[in-house]
4 protein chains.
Amino acid sequence: MENVKINGLIAAPFTPFDDKGEVDHSIFKEYADFLADTHFEYVFVNGTLAEGMSLTVAERKATAKAWVNSGKGRLKVIVHVGTNCLKDSQELAKHAEEIGAFAIAALTPSYHKPENEECMVEYMAQLAAVAPKTPFYYYDINFATGVYINCSKFLKLAKDRIPTLCGLKHSSRELPSAHGCTLVEGGKYQVLFGTDVQYLSCLVLGMSEVVAAPVLGNLFHEIKKAFDKGDLETARSLQCKAQRLNEIKDRHGGGINIAKSMFTILSGLEMGSVRLPLRALTLDERKRLKTDLETAGFLDIAKPK
Amino acid sequence: MENVKINGLIAAPFTPFDDKGEVDHSIFKEYADFLADTHFEYVFVNGTLAEGMSLTVAERKATAKAWVNSGKGRLKVIVHVGTNCLKDSQELAKHAEEIGAFAIAALTPSYHKPENEECMVEYMAQLAAVAPKTPFYYYDINFATGVYINCSKFLKLAKDRIPTLCGLKHSSRELPSAHGCTLVEGGKYQVLFGTDVQYLSCLVLGMSEVVAAPVLGNLFHEIKKAFDKGDLETARSLQCKAQRLNEIKDRHGGGINIAKSMFTILSGLEMGSVRLPLRALTLDERKRLKTDLETAGFLDIAKPK
Amino acid sequence: MENVKINGLIAAPFTPFDDKGEVDHSIFKEYADFLADTHFEYVFVNGTLAEGMSLTVAERKATAKAWVNSGKGRLKVIVHVGTNCLKDSQELAKHAEEIGAFAIAALTPSYHKPENEECMVEYMAQLAAVAPKTPFYYYDINFATGVYINCSKFLKLAKDRIPTLCGLKHSSRELPSAHGCTLVEGGKYQVLFGTDVQYLSCLVLGMSEVVAAPVLGNLFHEIKKAFDKGDLETARSLQCKAQRLNEIKDRHGGGINIAKSMFTILSGLEMGSVRLPLRALTLDERKRLKTDLETAGFLDIAKPK
Amino acid sequence: MENVKINGLIAAPFTPFDDKGEVDHSIFKEYADFLADTHFEYVFVNGTLAEGMSLTVAERKATAKAWVNSGKGRLKVIVHVGTNCLKDSQELAKHAEEIGAFAIAALTPSYHKPENEECMVEYMAQLAAVAPKTPFYYYDINFATGVYINCSKFLKLAKDRIPTLCGLKHSSRELPSAHGCTLVEGGKYQVLFGTDVQYLSCLVLGMSEVVAAPVLGNLFHEIKKAFDKGDLETARSLQCKAQRLNEIKDRHGGGINIAKSMFTILSGLEMGSVRLPLRALTLDERKRLKTDLETAGFLDIAKPK
């Protein structure tokens, strides 16, 4: 599996819910169109923005399947299989392999926490082993899980224990840690930084593949184009746009509920609300968010061109 | 449901695993005997010490059923139904009601975190509602979940929203917060402090019912007896014993893996290992733990008399 | 110094400031009267409630001196000498010995943090050594300093390194840790729990000497009296009063600024405002605090009788 | 003061101590030579690496003076004046203005913590006001102080309250927050990122001026040169060198004690040990550090050429 390299933008899509809070399967086709039309080539599904942890195992399987089906020929699907329970994660991993997912990824259990990198490797080895033909990415998001490990050390220890390991999704916000991981074993592992605001900083360090909110396809595509041409000024000014977009999100609270509404507003695809324990926005909150996006001139920023 | 009051010691039993890491259903009868014979009258099952979060929904149901069956006539069963996913928790709650559990309890989702007490109430209301005939206890263990709310405020807000609410299991280590909860609404709610070392401090504050590790039945029974007689000196000296027992646990690492081995050693009931991501103890670690317990004269402390 | 035992209630007084934010030296006599008249026998000065860290070394010396002078014959003075800088702390410790302080105490530097218990012992040994005739107490308040050490381990390691060590002021809120410290070396060290709400829990564990906010003299005196007579019901109901008083403080924000205003209101001694970076209360906030205290019937609770 | 812009590399030098732990004033001349000869144009003195918080006010004044004197004509001096006590900081600020420092900077008090951005502005306004002719930089290092504020909000609120405010030293490791600050008020404020490993990421975002460990002059100079020429490949490979240097530091513990020894080894200037509560390295630890640096081929990396 040495040669698997992801090459292209990765979206972390929200899970669409209908009025009753059930996954809205009617929208996936259109959703995949939207992502493909805004320069995404991969989707990282059932992750954090997708509220994957608030879905049952059955719902996660159905959602993964829906993405594989509707992404066919356009979007490669990375299925997030992390849970608090190894058996559940193994079931999800096996299923992902069966339905032909491009790859799987998993975050650590976070209620019971592995006490060190060795335990993490052991856990992930037993998880990855049930999907022996599918590339595996460790997903680190320490501020959300409360589990702080040394990712470089994880990679070194995992090398001989997880044959399918291809890299990690690094959403810790700590660029130097991510950069350090790209230096392990002569660059054997690919680091997919999870970020809405540090794309240019990643590019300059040689980490071209990032996982981003699904509103950012156009913008990140433009940043990459400018960067590849050596036009750093343009790249920087586009990166500032991403920063300003993010600041609007933060000003309204900054949570997944806000990010999801922002996507509905900017994409025109109705994502519905969030599941508890996240808080549903009021109509008024949603309206104010839209007004701010409009004032900033961002209403068309995410639309296919 | 106003009048439900728990009255007696509550054990938080470990889940017994066999050599393959599966729940060992052959031991529950003997296990229940042991607990009843060491002065426990309630069991709080599938909780933190039980690694409930590392079990699948199906395993949790089977375990809850096993406790209800083997506890019959001796132990009342409180089933912990907390997970990261409301639907899973609802399924567990419904099942608990069907099998005749005495009560249910739930901790907060901890990957996605409720942003305030109002969201927590909303979540718990939707959970408790599916088991309308079963007393409900909110389970707060903030240092493990990373969710810090004001428990008194939760109780006040929940009063009109959760008709089955009878109190909370307060495992935050913060005695004043727990004590404060006993003063809400004129003492309407019962506070079950989760503790291995603060029993005497609870008793003196009028919080007689606590949830404790299953090695502590004899010791806590003796503490209560001495306290009820007004013999504080004896009570204090027994409490020091509990403190010393706990210090041995901490000296060896303090985790659930240690606590579980300690129970195997002191009860004679083989609990097996822990599940990943917790770390299995080596034989050598287990041996050293036993030696320390022996040296301290604790080998018979938990045995039925 | 083996036999130094504190025996009596310890107040942690606020530092009085005048309109210009300077220490108000005109009030110390009256202040000492108040404390002595409400059953305090010791004062712990220049500590956290006193905003000791917001005073210059010169101001701290002057304040310590003022307390020693005005306390003479009534109040024994424990001078807090902790700072971020060993040399400053040594200067304060030497001065405390010169002016005849009963004891000194020090918290850890908290900007640069000692990496383990050994470093802490080394630091405190070099500090205590400059006041070789004055009892020394280590002051642990981990949630404020961000330094989390094992206090029992500290005591064991310090035994042969700090000849003047008599115990610790334990303000960590963690009763079991404090209780554990009383068991070290056969009870050699005295543990002064810092608390406004856990007095009864301390008493039942044999920790009779606590450091408390200066409004609590009467109340804690009554709790002790009831406890000593074996009247736990009365003791508990008085402890509930302390809990309710504390809840009012918390409802208004819970900070030192609130606690200080509360003392002004309940004692009749004008403490003035707090120093930056703490926030001065508005007149309106102070008024609302007073109203709440009045409504709860607490206006006379702290007054000498 | 609108037009003050720092333009050039800023070193954060360690404070040299002699065998007795006193500031070694004999070395400043040579020290300034070294820094100027390795492309630094500014020094940020008495800060975190310098153990400024472990120095008395008198020592900090003397050290600031020594830097101003020995830097004359080569290095502009930014004096860090942050402490836990406003009066101490004001004294240091006044002194810095008197001795002709280029600028002052201050971190927040961290024992008593300002409760919000407004309190922080009020504190810093009263501090900056005593040095009305000297540019002021707010110094944010949240992981060390435990004070987490929104720096952009601070800048906006401070605009009309601190006439000397020129920007901030942002050592929080959070690049997006720093980047956001550069967008406030149309770029009015300069952001000096404090970093040993994110220089290239800063450059690409237009934040050219950074504060770095004094070993990094040559390396950062080369990175800037390559970046300015548009040679990103070279810049990246030099940035990897900085990353590897930092990983050696981390492997040996990562603290200021290690960083300081590393500087002694790589510069040839004897910095002496660290002050308590930091732990002095053993000779053996220092030797092993040197071996690792040698093996990695880094022994000449910091030397003037």
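Each residue's number is its place along the chain shown, starting with 1.
Every residue, even glycine, has its Cβ placed from backbone N, Cα and C.
If you check TrEMBL, you get these features:
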- A:Tyr139: active site, proton donor/acceptor (ACT_SITE)
- A:Lys169: active site, schiff-base intermediate with substrate (ACT_SITE)
- A:Val211: pyruvate binding site (BINDING)
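Overlay of TrEMBL annotations on the structure.
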residue	record	DSSP class
A:Tyr139	active site, proton donor/acceptor	strand
A:Lys169	active site, schiff-base intermediate with substrate	strand
A:Val211	pyruvate binding site	strand
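Around A:Lys169 (active site, schiff-base intermediate with substrate), a 10 Å sphere centred on its CB holds 28 further CB atoms from the protein chains shown. Under a cutoff of 8 A between CB atoms, and with a sequence separation of 6+ in the same chain, the neighbours of the residue listed as 'active site, proton donor/acceptor' are A:Gly47, A:His80, A:Gly82, A:Ala105, A:Ala106, A:Leu107, A:Leu168, A:Lys169, A:Ser171. Listed in sequence order, the residues of the same chain lying 6 or more apart from A:Val211 (pyruvate binding site) and placing their CB within less than 8 Å of its CB are A:Ile10, A:Ala11, A:Ala12, A:Phe44, A:Gly47, A:Lys169, A:Ser171, A:Leu192, A:Phe193, A:Gly194, A:Thr195.
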